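Q: TrEMBL feature annotations, pasted as is:
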{"type": "DISULFID", "residues": "C310-C322", "note": "disulfide bond"}
{"type": "DISULFID", "residues": "C315-C329", "note": "disulfide bond"}
Amino acid sequence: MRSRAFATFFLVAGAHSSPHGIRNYYNATDINGNDTVTPSTTGSTTPLPIEPVSKIPYGVPISSCTTEGVFALTFDDGPYQFTDHILDLLAEAGAKATFFVNGQNHANIFDNQDIVKRIINDGHQLASHTWRHLTLSNELDDMVIAEMIRLEDALIKIVGKYPTYMRFPFFASSADNLKTMEALQYHVIHADVDSKDWDNASPIGNMKAVDIFQREVEAGGTLALAHDVYENTAMKLVPEFLRIIKEKNLKLVTVGECLGDPEANWYRTKRTYTPTPTAGADRVHITSTAVPNGPVSPDGACGGDKGYVCKSGYCCNNIGYCGKTESFCNPKGCNPLFGVCGVIGTSD
């Protein structure tokens, strides 16, 4: 049985959050950061009576636009070396798009910070595609949360905010994944036009994806999936996608606009929750004589080529993340060379 992250994390909810299915392991805070709700120790699953700002549901897959006369073109897996050219094409066409970015996929996001900033500055929408493009339906919830939070941290460092829109890699999500996205207050975006450019990326000049794109647009599709990491997409396909949409007299807009969601709702500048470890009433110990030695991790990643160690009281798990939950701190899950758990606090 999978270990639920909600049993091993506190979620400190901020203004306007009402995550269902999460016990009251949190404080609600107002816009100034003041506590408005005392954390419960009863384990009640009743959500707090605070409504989210956005009218778009959280944790519910959305595959098509709701605004008439528009079309949303989206790109996954970047930023990458071909993203700038796509941005040039969009600028020439006066079109807007949405970019679902990864932290570490085809490239590291910190190596392409200028592209991320340009996406924002050019008026496009930035959205989350998770940190490493894992198949999240195969992962425990604590790893799903870690994948989201690590990208949030990176985007806060790069552009000062993080998105409220996300797309699951491979569109692969479980019921638990969707509950997690509801709790983290993410709008989940799918598509009703899949160009399959990834499957027709070579040779350069392969236009099969254009035929697929046109057929699905003619069938009424309004929200398209493509990828900015393929040269064929950037150089050959995107100009054709733009032509097809223009011929249909549709306006190319961001996903947020195509859903009628004001731009103010697309991002947050600080978290509405804070993951804080808990092991309930039981205390968990890691016994080790190792003393972690190395630079303290700046982003929650540990070990690896740079040899980052976790901050005091956190353990480094076997895939390179710092944490204090039971999944991190059990003897099989902790690498004490890069971090050692202390005693995990109780829920009271």
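Each residue, glycine too, has its Cβ placed from N, Cα and C.
All annotation found in TrEMBL is predicted automatically rather than curated by experts.
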Q: Looking only at Cβ atoms, how many others are within 10 Å of the one on C310 (disulfide bond)?
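A: C310 (disulfide bond): 28 neighbouring Cβ atoms within 10 Å.
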Q: For C310 (disulfide bond), what is the secondary structure state per DSSP, taken as helix, strand or coil?
A: coil
Q: With every protein chain in view, what's the tally of Cβ atoms within 10 Å of the Cβ of C329 (disulfide bond), excluding that atom itself?
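A: C329 (disulfide bond) is surrounded by 26 other Cβ atoms within 10 Å.
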Q: Roughly how many Å lie between the Cα atoms of C322 (disulfide bond) and C329 (disulfide bond), rounded to a whole value?
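A: Each residue's Cα considered, C322 (disulfide bond) and C329 (disulfide bond) end up 10 Å apart.
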Q: Looking only at DSSP and grouping its letters into three states, which state does C329 (disulfide bond) belong to?
A: helix
Q: For C322 (disulfide bond), which DSSP three-state class applies?
A: strand
